[in-house]
Structure formats: C-alpha cells, structure tokens
Amino acid sequence: MAEEEPKIGVYICHCGENIAGAVNIEEVKKFAETLPNVVVVRDYLFMCSDPGQELIKQDIKEGRVNRVVVAACTPRTHEPIFRKACEDAGLNKYYFEMANIRDQCSWAHWHEKEKATEKAKQIIAAAVAKARLLEPLEDRYVDITQKVLVIGGGIAGIFAALDIANAGYKVYLVERNPSIGGNMAKLDKTFPTNDCSACILTPLMVEVANHPNIELLTYSEVEAVEGTVGNFKVKVRKKQTWVDWDLCTGCGACTDVCPPKARVPDEFNEGLSKRGAIYIQFPQAVPKKAVIDIDACIECGGRKFGTEPRKTKDGKPILAPCEKVCPTGAADRTKPRNPEGELIELDVGAIIVATGYKVMDKTHFKEFAPDSPNVITALQMERLISATGPTEGKLIVPSDIPKYEEWKKKVAKGEEVELEARKPHRIVYVSCVGSRDERFHTYCSKVCCMYMLKQAMLLKEKYPDLDIYIFFIDVRTPGKDFDEYYMRCRQLGIKVIKGKVGGIRRMPDERLWVRGYDAEIGKPVEVIADLVVLATAIEPSDGTIELARKLGINIGAEGFFRERHTKLYPVDTMTEGIFICGCAQGPKDIPDSVAQAKAAASSAMSLIAPGKMKLEPLVSEVDKEKCSGCGICVPLCPYGAITMTKYNESMRAEINPALCKGCGVCAAACPSKAIKLHGFTFEQVLAQVRTLAKRGIVEVL
C-alpha cells in the first residue's frame with residue numbers, strides 16, 4: 001500500500017457546537033474536496049463516537065482511502081482513538097494525520113466565524129499536504145524494569161508504595177527526613193471523624209518498614225534522573241547520619257544529654273520547641289533512629305568525627321556525652337564517615353512523586369504581628385494541642401512554653417511545683433492567610449476551613465469556657481459530612497464571623513488586639529485575644545522546582561507539579577512513566593491524597609506489569625552515510641539519546657531509540673540533514689509550510 005497513489009479521506013467533526021458553532025462545516029467540506037489526492041470528505045456530529053469511527057473504517061475496508069485526515073480536536077487526547085480505528089480497519093496507523101480545528105481554530109476565534117472558517121480550511125490543507133507524504137511505521141518494543149521509585153514518605157507516598165508492593169513489585173521509597181510520616185504525623189486528629197492521626201498513620205508506617213518488597217531510603221534525596229519510561233536510572237544520595245543505624249536502637253538516651261548550647265528549633269514541632277543536635281525526629285518515627293545535625297553539633301570536648309578521643313591524665317578517653325551514654329556504640333565518633341553520605345543508583349520502570357507540601361511562613365504578613373510568639377500558624381497549633389507536642393497537649397500560650405519546659409525539669413527532679421504558664425481564654429482564627437490573595441496565592445488551599453473548624457471543635461469540647469472566634473471570607477465545606485461538621489461547631493458556641501481581619505497589634509502583656517470586619521452586620525469588630533492562629537496557605541514543598549528539573553516534568557503557575565490533563569490524566573505528567581499524587585499535585589485533604597496515591601500506584605503498575613512496553617516509532621534516526629561526524633547534535637539532546645560511535649573508521653552520531661522522545665532538536669540542528677525524524681520529516685514539514693505559503697499564511701525563505 002505504501003507504493004499506491006495516496007487516496008486521502010478527510011473527516012470533519014462538528015464536536016457538537018464546539019467546532020460547528022464557529023466554523024461553517026459545509027463550506028469547509030466543499031473546500032476539502034478540491035485538495036489534491038482527496039477522494040472522500042465526510043462530516044459527523046462526533047467523529048470520535050463509534051458511528052463516526054465506523055465511517056472511517058468502512059472507507060478503509062472498501063478501499064476508498066489509504067490515508068486518513070481527521071479535522072477535529074486535539075491530538076493529545078484523540079489521536080490514539082483514530083489511529084486505533086485505522087489499525088482495526090487494516091491500515092497502518094501512521095498513515096493518519098490530525099488537523100486540530102477546535103483548540104487552534106474554533107475556540108480561538110469563536111466570535112469571528114468567517115475567519116475561523118478560513119483558518120480551518122488552511123489547517124486542513126496543511127494536514128492533507130503532510131498526509132500525502134506519510135510513511136508506514138512500526139511500533140517498537142522494549143523491556144521494562146518492574147520496579148517503582150516513590151519520592152516522598154507522607155501519607156500519599158506510603159499508600160502508593162504499599163499498593164505496588166502488595167501487588168508483588170519492588171518499591172524504593174525515598175524520604176528526605178529521618179522518618180517517614182510527612183505532615184500527617186504532625187496532626188493531632190483528622191476531620192471529619194476526629195480520629196487520632198497517629199493511630200491511623202503509625203501502623204501504616206510500620207507496615208512499610210517491614211514489607212519485604214519495600215526498600216526504605218530515609219534521610220535521602222534524589223540527585224539525578226536519566227533514561228526514559230520503563231528504564232529510568234536514578235541516583236539517590238543517602239545523607240550522612242553520623243550515627244551507625246545498624247547499631248542504633250532508638251532508645252533516646254543520647255538525645256537527653258545533648259547540651260543546651262547545641263539546641264536548635266525543632267522542625268517537627270514547627271519551631272515551638274528546641275531539639276538537640278542529636279535527635280530522633282518524633283516518638284513514633286519509622287525508622288526510629290538518631291541523627292546528628294552536623295551544623296548544630298558543637299563537638300563536645302573537642303571530639304571530632306573520625307578521630308581518636310583525647311585522654312585524661314589517667315588514660316581514660318574523653319568522650320562526647322552522646323558517646324558516653326550510647327549502650328550500643330552507635331554514636332562512636334572514632335569511625336571515619338564520609339560527610340557526603342553515600343550515592344546509590346537505582347533502576348526503575350516508573351516514578352511516583354508524592355513530595356507533599358509546606359505551610360506558608362507567617363513572616364510574610366506584617367499586618368498580623370508575625371513577630372509575636374502568640375501569633376502562630378495552624379500547623380503550629382496542631383503541635384500545640386498534640387499529646388506529643390512541645391507541651392504534651394496542655395494548652396498554654398506559646399510565649400510561655402519556656403516556663404513549661406522549666407516546670408517539666410523540676411517535676412522530673414521530684415519537685416512539687418505548679419505550672420505558672422498562662423492559659424489562653426480567647427483564641428482568634430484567621431482564614432485565607434496567603435490563599436485567595438492576589439498578593440501571594442490566588443488559589444484556595446482547600447483544607448483550611450475544615451482544619452480550623454476541627455481545631456476549634458477539639459478545643460471547645462476540652463475547654464468549654466474557651467472563647468473562640470473564626471474570621472472567614474467564606475466557609476467552604478464541600479466534602480462528605482463536612483457541612484454537618486460545620487453546623488456542629490456552630491452548636492458548640494464557636495463564633496463564626498464572615499469578614500476579613502485588617503490587622504493585629506501586639507500588646508505589652510503579649511495579648512493581641514485583633515481588628516476585623518463583620519460583613520453580616522456591616523460593622524468593624526475588635527477582639528482582644530490571647531492567641532491568634534493564622535490559616536496560612538499550603539505551598540509546594542521545598543525543592544519542588546529543583547526536583548521538577550531533575551525529573552523533566554512541568555510546574556504549574558501556582559508552583560505545584562502539573563498534571564498531563566486536569567480531568568482525564570490527573571496523576572500523569574507530560575513525561576511518560578512519571579506520576580504525581582497528593583499535595584505535590586495541589587492542595588487536598590487526606591482522603592483525596594490517598595485516592596490519588598492509589599490512582600498513581602495503579603497507573604504505575606499498569607505500565608510495568610507486562611514486562612515490555614510498546615514505543616511509538618516517531619523518533620529520530622541518523623543516516624550514517626550523510627553524517628559528517630561533527631557532533632553538534634550530541635550536547636543538544638535533552639534526553640542523552642545521542643552518542644558518537646565508530647562507523648567505517650570514522651566517528652558518526654548514533655541515536656538510542658529507547659531514549660529518544662522525538663523532540664526533533666537534533667534534526668533541526670544537523671547541518672548535513674543526516675537526521676530524519678520519523679513522522680515529522682523535513683519533506684513533510686516543508687510541504688505543510690509551502691501549502692500555507694501558497695495561501696498567503698506564511699512566507700518561505
């Protein structure tokens with residue numbers, strides 16, 4: 001059939017009113033009939049429907065056409081459908097070309113019907129010009145590595161890893177912190193059922209650690225990614241812990257003796273308390289191992305890592321406090337350790353990104369007195385009310401946390417003393433701090449309304465006399481049982497005010513003067529509060545942009561990883577074989593994060609399960625007889641698919657089809673025109689350009 005005279009069929013889709021509402025279909029049909037080699041022109045309401053596809057199949061089977069052009073919507077979503085129709089009818093599917101007259105024409109010129117119709121003609125003419133030169137191509141098959149890398153050990157990463165591992169596939173779970181758990185581990189309870197967060201999460205963390213198909217790589221980060229779908233090569237940097245994890249039992253003896261000078265803000269408690277230079281991330285940590293923060297360590301007694309200890313006059317070694325108390329020798333500083341840690345290489349077939357989120361820092365909001373210790377973020381409030389938090393769940397104002405710590409030390413010594421820290425009597429919540437705000441983020445952070453209501457409910461139930469105000473722009477409760485949850489909060493006596501807070505002023509006694517506006521009564525409101533909680537925006541986690549660069553995936557305008565298609569492919573990325581889920585993709589609550597994680601896991605398993613993968617032949621190929629061996633193409637390839645190899649005693653470029661993604665950069669740059677991009681050859685593209693030039697659309701040099 002390749003040697004036959006092209007017999008082109010043009011099939012024009014109405015797409016309901018999406019195309020027909022702006023393009024005169026009958027006029028376009030008459031125009032298409034005049035184009036060279038066009039023998040059949042048909043239109044249909046929805047060409048992608050079964051009856052629409054049947055029109056194409058029937059014409060192919062009856063020998064009317066041997067090339068197919070469909071003028072419809074985007075090839076991104078519909079090209080596979082029409083290729084399959086051609087293949088089912090016995091025609092090589094690469095004898096198909098698509099003309100996008102919806103996205104590039106009708107939608108772009110909805111109110112200019114004459115121009116839209118004329119543009120549709122030109123797009124179809126260019127597609128027909130290319131169709132005359134199409135070549136039959138064959139799909140390629142490559143072996144797939146049946147292993148998956150999951151980046152991020154929060155609730156989304158945990159579920160993705162478990163689903164894949166339970167299906168019998170090897171999973172590498174990489175987490176940059178010493179423990180998995182993510183932000184969910186910091187929460188006290190979860191809405192709308194008020195379940196204990198740790199009670200839900202901890203068993204899952206333990207299951208991950210004990211699963212035979214999961215290799216847990218905590219305190220590690222992805223350093224580089226090479227290869228392509230089915231065969232990624234990933235370099236992971238395991239950071240130096242300065243503690244022998246093979247010996248560490250997680251007893252915590254070392255953390256108790258770390259001197260005050262080495263104490264720094266505790267990241268897990270969101271800076272409300274301090275931790276030692278040697279620390280275990282949190283009580284339920286998995287793995288529960290100590291880590292030394294080398295930047296905080298003061299090298300007690302001049303004890304440096306990798307050196308023998310100094311000795312006293314009587315010959316006893318002078319050890320650092322953590323060394324002295326460690327029962328297993330895990331903190332032994334004599335052992336030499338590489339400060340760069342260890343670099344390991346992994347071969348995987350698919351990658352799932354579940355890197356989570358961070359909360360926006362309060363220091364951006366000068367109008368809300370961010371310098372006051374009693375103005376905190378909602379995530380800090382989670383730690384304040386948690387039994388594993390800095391005050392063990394006792395509600396006191398953050399400015400008095402040092403008093404609580406002193407009281408705790410005295411109690412530990414057996415002293416009977418009362419806690420003199422101030423308890424808040426009035427708490428004010430401020431919603432949409434940084435969200436829905438053109439100065440910062442225009443998007444809604446989705447979970448803020450519900451977690452403010454949750455915290456207020458928990459506090460009101462535990463402390464009935466507590467006076468709680470919540471300033472909302474709008475109350476958004478669009479989930480299952482969410483609105484009932486909101487009504488329950490109102491019934492408890494929590495004061496919900498529709499309106500914005502204009503400013504907060506710090507008072508000399510560390511209380512806070514809150515000035516807001518009540519939109520329902522149309523008057524300003526003033527509240528003197530002991531504690532203010534800011535519902536700051538959910539933001540992409542630190543390192544998102546750098547990780548996107550390493551993976552070769554896109555970032556959206558809001559800073560989160562961008563999905564391939566919002567509705568059809570919400571967990572896929574534009575880089576095949578790499579999936580996203582959870583808050584890495586955008587703000588969402590725990591159920592939505594879990595659902596998306598399971599979807600990403602399912603997509604990854606569908607990819608690796610066959611063991612082989614079909615690749616399109618739309619890749620570049622070098623004609624070594626024409627190649628001059630200049631090597632210009634090698635550094636230009638963004639996928640590392642081109643190498644220089646020996647050919648007839650000379651060096652020539654060679655393209656690995658398994659790595660090539662068909663971007664065409666090499667073909668465009670080759671001065672010898674020795675590189676051919678199948679499906680987009682020089683002749684095919686030039687034919688399209690010349691067709692448009694004849695009609696006055698473009699100029700050709």
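All residue numbers here begin at 1 and follow the chain in the order shown.
Just so you know, glycine gets a Cβ as well, placed from its N, Cα and C.
Together with CYS627, CYS630, CYS633, Swiss-Prot lists one candidate of CYS660, CYS663, CYS670 for binding [4Fe-4S] cluster 2, that being CYS670.
When CYS583, CYS637 are compared with the [4Fe-4S] cluster 3 site residues CYS660, CYS663, CYS666 in Swiss-Prot, the one appearing in that site is CYS637. The record from Swiss-Prot ties CYS248, CYS251, CYS254 to [4Fe-4S] cluster 1, and of the options CYS86, CYS105, CYS326 it ties CYS326 to that site too. Excluding CYS248, CYS251, CYS254, CYS326 themselves, the residues of that chain whose CB lies within 8 A of the CB mean position for the [4Fe-4S] cluster 1 site are, in sequence, VAL243, THR249, GLY250, GLY252, ALA253, ALA290, CYS322, VAL325, PRO327, THR328, ALA330, ALA331. For CYS326 ([4Fe-4S] cluster 1 binding site), the same-chain residues 6+ apart in sequence whose C-beta sits under 8 angstroms from its C-beta are ALA253, CYS254, ASP332. When the binding-site residues ILE155, ALA161, ILE164, ALA167, LEU173, CYS666 are screened for a C-alpha within 10 angstroms of the C-alpha of CYS633 ([4Fe-4S] cluster 2 binding site), the residues that qualify, in sequence order, are CYS666.
With every protein chain in view, the residue among the binding-site residues ILE164, CYS637, CYS663 whose Cβ has the most Cβ partners within 10 Å turns out to be ILE164. Sequence-distant contacts of the domain '4Fe-4S ferredoxin-type 1' (239-268), counting only residues of its own chain at least 6 positions beyond either end whose CB sits under 8 Å from a CB of the stretch, comprise 176, 178, 185-186, 219-221, 274-282, 285, 287-294, 296-298, 300, 305, 321-322, 324-332, 335, 337-341, 383, 390. For LEU173 (FAD binding site), applying a Cβ distance below 8 Å and a minimum sequence separation of six or more within one chain yields VAL150, GLY153, GLY157, ILE158, ALA161, ILE180, VAL208, ILE214, GLU215, LEU216, LEU217. In the three-state DSSP classification, CYS633 ([4Fe-4S] cluster 2 binding site) falls within a helix.
Summary of the [4Fe-4S] cluster 2 site environment: with the site residues CYS627, CYS630, CYS633, CYS670 set aside, the chain residues having Cβ atoms within 8 Å of the Cβ mean position are VAL622, SER628, GLY629, GLY631, ILE632, ALA653, CYS666, ALA669, PRO671, SER672, ALA674, ILE675. In this structure, the C-alpha atom of CYS670 ([4Fe-4S] cluster 2 binding site) lies 12 angstrom from that of CYS637 ([4Fe-4S] cluster 3 binding site).
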